[in-house]
Amino acid sequence: MVGEKLVAYMLVSVLGLALLRSVFGQHMPEEPCSVQILVPGLKGEAGEKGEKGAPGRPGRVGPTGEQGPPGDKGQKGSPGRYGKMGPTGPKGLKGDMGDPGPKGPNGEPGVPCECAPLRKMIGEMDIQVVQLTNELKFIKNAVAGIKETDSKVYLLVKEEKRYREAEVFCQGRGGHLAMPKDAAANRAIAGYVTDAGLSRVYIGINDLEREGHFVYVERSPMTTFSRWREGEPNNAYDDEDCVEMVSSGEWIDVACQLTMYFVCEFDKDTV
């Protein structure tokens, strides 16, 4: 490529001289002249590597790359601040009635009084009590169908209540839920239930204070007598702490929140 350029340059120079000679040949003296032809030299050897140049300007932003795979799951962060208190929830159901409280201390002695009028009044009241007692016996036997043994009076209450409510009802009338402590009492209560056409009633036995340790409702321990149905007590669902009697006289442990009829027991000498 360089050689071709050199030949072309020489031809142009010769043609230029020939043209000058033809134009100005008559007037030019024939004196010798020198012609200098400048010919580019050959390519030199490569020089030494120069110093590192300054950084160029930032290039254009390249196209967006493909989405990379998800990174590893980060560590669990620290708990945030407590949020605002939520709205007040609905009012809950009324709970069961609690056990009766302990007996309070005796009151202060009364002031002295004239007792003669009171004795007369008490005598008159005793007469009325005798009359009322006779009337009550009639009601027991003829209307209410109350059952009696040598020492106990049993009252069947045909009003469905939970266990604790039933015991409070009996206590409010001077008694407790029926506590069959021997075979005779158990037969009397079972016969009462059968005669009334019922299938089951609450009786005064539970293990509310210690699971599996059944006691009578007035907290006296059970001794030798029991009438559990086969497979009972089984504490099904871990929620059977009270006892029912079925018409056959057998006992079954049941949940205390069930509602059913019940039998109250009273000492005969207090009725």
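Just so you know, glycine gets a Cβ as well, placed from its N, Cα and C.
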Practice prompt. Looking at the candidate ranges 124-148, 174-198, report the one that Swiss-Prot labels coiled coil.
Written response: 124-148
Worksheet item: Cys170 pairs with which of Cys33, Cys264 in a disulfide, per Swiss-Prot?
Response: Cys264
Practice prompt. Let me know which member of Glu160, Glu165, Glu167, Glu211 Swiss-Prot also records as binding Ca(2+) 3 at the site of Asp238, Asp241.
Written response: Glu211
Response to the item:
carbohydrate site partner of Glu240, Glu244, Ile252, Asp253, Val254 according to Swiss-Prot, chosen from Arg164, Arg173, Arg200, is Arg200
Practice prompt. Measuring Cα to Cα, tell me the gap between Cys170 (disulfide bond) and Glu244 (carbohydrate binding site) in whole angstrom.
Written response: 16
Practice prompt. Just give the helix, strand and coil counts over the domain 'C-type lectin' (149-265), going by DSSP.
Written response: 25 helix, 38 strand, 54 coil
Worksheet, complete the sentence: Whole-Å Cα distance, Cys264 (disulfide bond) to Val254 (carbohydrate binding site), is 18
